Amino acid sequence: MNRIKPFIEIVRPSNIVLFFMAISLGGIMVGGFDAFFHIKVYLAAISGTLIGGAGNVINDIQDVEIDKINKPNRPLITGALSINAAKWFWVWLNLVGFLLAWLISKEAVAIAGASILILFVYSLFFKRQVLIGNLVVCTIISLAFVYGAMAYGKLEGIVFPIIFSFLFNFGREVLKDLEDVEGDKSAGARTLAIQLGTKKTLSLVSTVYVVLIGLSIWPYLTGEYGLLYVISIMLFTNTIVLYVVVRSWREQTKQNFYKMNTILKIAMLTGILSIAVGKISLLE
């Protein structure tokens, strides 16, 4: 088990669980209950999760020097996993994820291939650039819904989940930049947090989440999602997001930004579940 643990840690389990759920939800959004029994939706969820996990691996490989400051407990820093082993793991994850895409459709192969390439290029060149890195990550994460819907064979009804995912993760990525400022500066990175400073960056995060909260009730007003959606999104997701924004302003420390980013993962989970419940509650 001790040998397996660093491989699990490097893919960031909480992140890939959310990715798996988002892809599955993409299929459910367009296929309803039938999607629960559609093998290609599950193949897409596994394929996308493996590729997403590989993206986390290459990210850690490229961030070894930065993580010595920002995240000293990561497997590559502690020595629990060698860089060479991580590289082979990255190859294996991408290979299996890409091969599974062949069992879905040509479109899935195109998305899988593009995602692998973009995540690789992002880790090498875009990650430390102002805004570009944030936008790339949010776009890839938003593709999770498209991937699941495409696996089912339809693309209708996934616009809001894509917008929700993009805005939510953009706010989280920018807040994460604040957490990583110290290490990013040492590596010469040009992130939004470094360029704007803490207060302006928090203002941007706050604005993004206020917009997101405002948009969150739109699907209910248009009848796209049911009452259960608006109750759960307001009671859980939006409440958590507001708490994170307030706490981030009150305690502007690396430790607190880390805690708030962790809490945002819970909000993302409740958001995904709210969308699923809201859609399924309207199905006959």
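Here, residue 1 is simply the first one shown, and the rest follow in order.
Using the three backbone atoms N, Cα and C, a Cβ is placed for every residue, glycine included.
TrEMBL does not curate its annotations; it predicts them automatically.
As recorded in TrEMBL:
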type	residues	note
TRANSMEM	12-33	transmembrane segment
TRANSMEM	39-58	transmembrane segment
TRANSMEM	79-102	transmembrane segment
TRANSMEM	108-125	transmembrane segment
TRANSMEM	132-152	transmembrane segment
TRANSMEM	158-175	transmembrane segment
TRANSMEM	202-221	transmembrane segment
TRANSMEM	227-246	transmembrane segment
TRANSMEM	266-283	transmembrane segment
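Sequence-distant contacts of the transmembrane segment (79-102) (same chain, at least 6 residues past either end, Cβ-Cβ under 8 Å): 5-7, 9-11, 43-44, 46-51, 53-54, 57-58, 60-61, 64, 108-109, 111-113, 116.
Among the stretches 12-33, 108-125, 132-152, 202-221, the one making the largest number of Cβ pairs under 8 Å with the transmembrane segment (39-58) is 12-33. With Cβ pairs under 8 Å as the measure, the transmembrane segment (132-152) is packed most heavily against 12-33, out of 12-33, 108-125, 202-221, 227-246, 266-283. A contact between the transmembrane segment (158-175) and the transmembrane segment (108-125) is absent, since fewer than 3 of their C-beta pairs, 6 or more residues apart, lie under 8 Å.
Between the transmembrane segment (266-283) and the transmembrane segment (12-33), the number of CB pairs under 8 angstroms, six or more residues apart, is three or more, so the stretches are in contact. The list of residues near the transmembrane segment (227-246) in space but at least 6 beyond its ends in sequence, with Cβ under 8 angstroms from a Cβ of it, reads 175, 205-206, 209, 212-213, 216-217, 219-220, 260, 263-264, 266-267, 270-271, 273-275, 277-279, 281.
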